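S.K.: Sharing the record's features from TrEMBL:
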type     : residues : note
SIGNAL   : 1-31     : signal peptide
DOMAIN   : 31-164   : domain 'FAS1'
REGION   : 186-281  : region 'Disordered'
COMPBIAS : 200-211  : compositional bias 'Low complexity'
COMPBIAS : 234-263  : compositional bias 'Low complexity'
């Protein structure tokens, strides 16, 4: 019973351990590190530095199966002398997206002893005119040569030796000279250069004023005081009369612009109705004199 219990408790541990081992084996980071591989060879220090500087080494390390056509320090000078925007593109042409060693290259069934290889530059989406491919040829004398597949390019870079092989993950082969597609400079300029600014549209000249407008603008504009005086004289009510005359009531004054009695406020109407007119005062004064005269005639002794 104890043995059965021990074996049953150990089963989960074994399953966990097996899962961890499988995860480590399947991890992309466990494949290879191109910087460490080339770091073991001083002859490729310049090439290794270029891969790190252009950050191409990180992209290579993310691949599972790859072939690097490496350049020694003398040949790598042809790449380091290029502009920085071209260096990464040229170096990516030296990275083939498959595993190739001398056995695979020598035993390939090729038509006319040639084959077309796909490079990392093709996967960047910047390659044109077959710049992202390599022409591989095995000559009759057994020498293996590489060249750009761009029309007009020559296959002149020869394989020198095998540096490192780890079937079937990575293969590092030394080649004699850089593989530079002829049109790589134009591709670099078209992709990295800023587009030329559009020429600014010239604004249309302002139309010149016509003669009639010119004459109108030359004539002196009437002063604001004149307009105000005319409008004020037309709209303002006439001067108020100091007092209504005995010959006519105040309503005989100009009523065209001034407010009429009907439009006047209610308290103004009351004032007009209560105020005695000039004719009423004259009649009252005449009546008073008549009463005084009558009293004098009736009571002469009073006046004496």
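The backbone N, Cα and C atoms fix where each Cβ goes, glycine too.
Bear in mind that TrEMBL entries carry predicted annotations, made automatically and left uncurated.
Surface or core, plus neighbours and distances: that's what I need for these features.
M.R.: Taken as a whole, the domain 'FAS1' (31-164) shows an average pLDDT of 94 in this prediction.
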S.K.: Quick one: DSSP breakdown of the domain 'FAS1' (31-164) into helix, strand and coil?
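M.R.: Per-class counts: 51 helix, 33 strand, 50 coil.
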